[in-house]
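K.L.:
Annotated domain 'Response regulatory' per Swiss-Prot: 1-115, in sequence order. Here Swiss-Prot flags ASP49 as 4-aspartylphosphate, drawing on sequence analysis. Annotated domain 'CheB-type methylesterase' per Swiss-Prot: 161-351, in sequence order, evidence recorded as sequence analysis. The active site annotation in Swiss-Prot covers SER173, HIS199, ASP295 and is backed by sequence analysis.
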Amino acid sequence: MVDDSAVVRQVLVNVLNDAADIEVIATAADPLLAIEKMRKQWPDVIVLDVEMPRMDGITFLRKIMSERPTPVVICSTLTEKGARVTMDALAAGAVAVVTKPRLGLKQFLTESADELVATVRSAARANVKRLAARVTAVPLEAEVKHTADVILPAQSGRALAQTTERIVAIGTSTGGTQALEEVLTALPRVCPGIVIVQHMPEKFTAAFAARLNGLCQIAVKEAANNDRVMPGRALIAPGGKHLLLRRSGAQYFVEVLEGPPVNRHRPSVDVLFRSAARAAGSNALGIIMTGMGDDGAAGLLEMRQAGARTVAQDEQTSIVFGMPKEAIKRGGADRILPLGAMAREIVTQLQ
């Protein structure tokens, strides 16, 4: 646990040590002290602040990933600057991000403690060798588990193909920021409209979208209500809100809305995929990529049953082979592809 705030360290340590399967073996106020302690006992997961004295978290992260790749969870503040730095950390190899406790510690313990524990568990299962290789190649959840029914009730029958416009729906979680960067930067300007759910806290998705927009040939933005899904543009669900695909005549739009977490996530991949099955049917391509848990597995099956093409990322290239594995197990994927083949699969959706 590396954070320059003693209060934050204590809160996070207490939360993690309360979990039966997690033990915090050391804490440090800065990366240099952390390195000394880690040499005595190397951790399975590092929880890291990004703004600290003596050595910033990004420099420390790059050092770790180059010398001894280890899953790193970024603990960052909900500020614009914090979001930008967090995006740099994810690009440098961090597997996930959680929000730092604020003054309302009681609210944090109520709303975010379970998310912190689940994120650390997920990080411990991450394929760090794959993550470290990707970093080198690319320069610089709620107690009640709701289903998508609480946002969009299920319905029988296939969507009517009232348009020939193709769309792509992508869902991902742990390791997804790096995976999405690899896929989206490989796309040409001429490609189908894309809608994306990446599990990420609110206020971080805008910075993530802005970063990708600067790297990609296609346009990338955080989705706003009633944004049109257009060829050559990707819309990323805002953190803390669900994203649905809607059709009006021959055009597709997105709806951004509040609602309870689904599969302990908001945004939820299942919600997006169900809406894509209903609105686009056989005009859609559904892709589920790296991530822990089962969010998106049921929705991908619904997309396939509605006539869509569906793809799951393979185990070898996934940072965490959880969501794709569950989708494959349930019969939702008609193809299993490595990450490097996803961009080509998206382009063929135009044909």
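Note that Cβ sites are derived from N, Cα and C of the backbone, with glycine treated the same way.
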K.L.:
Could you state the whole-number distance in Å separating the C-alpha atoms of ASP49 (4-aspartylphosphate) and HIS199 (active site)?
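P.N.:
So the alpha carbons of ASP49 (4-aspartylphosphate) and HIS199 (active site) sit roughly 19 Å from each other.
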K.L.:
Which entry in the list of recorded positions, ASP49, ASP295, has its Cβ near the fewest other Cβ atoms, using 10 Å as the limit?
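P.N.:
Each of the recorded positions ASP49, ASP295 was scored; lowest Cβ tally within 10 Å is ASP49.
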K.L.:
List the Cα distance (Å, whole number) between SER173 (active site) and HIS199 (active site).
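P.N.:
Each residue's Cα considered, SER173 (active site) and HIS199 (active site) end up 5 Å apart.
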K.L.:
From the DSSP assignment alone, can you count helix, strand and coil residues within the domain 'Response regulatory' (1-115)?
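P.N.:
Summed over the domain 'Response regulatory' (1-115), the classes give 55 helix, 14 strand, 46 coil.
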K.L.:
Let me know the model's mean pLDDT on the domain 'CheB-type methylesterase' (161-351).
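P.N.:
Taking every residue of the domain 'CheB-type methylesterase' (161-351) together, the mean pLDDT is 94.
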K.L.:
Going by a 10 angstroms cut-off between Cβ atoms, which of the active-site residues SER173, HIS199 has the sparsest surroundings?
P.N.:
SER173
K.L.:
Quick check for the class: what is the C-alpha distance, in angstrom and rounded, between HIS199 (active site) and ASP295 (active site)?
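P.N.:
Computed Cα spacing between HIS199 (active site) and ASP295 (active site) is 10 Å.
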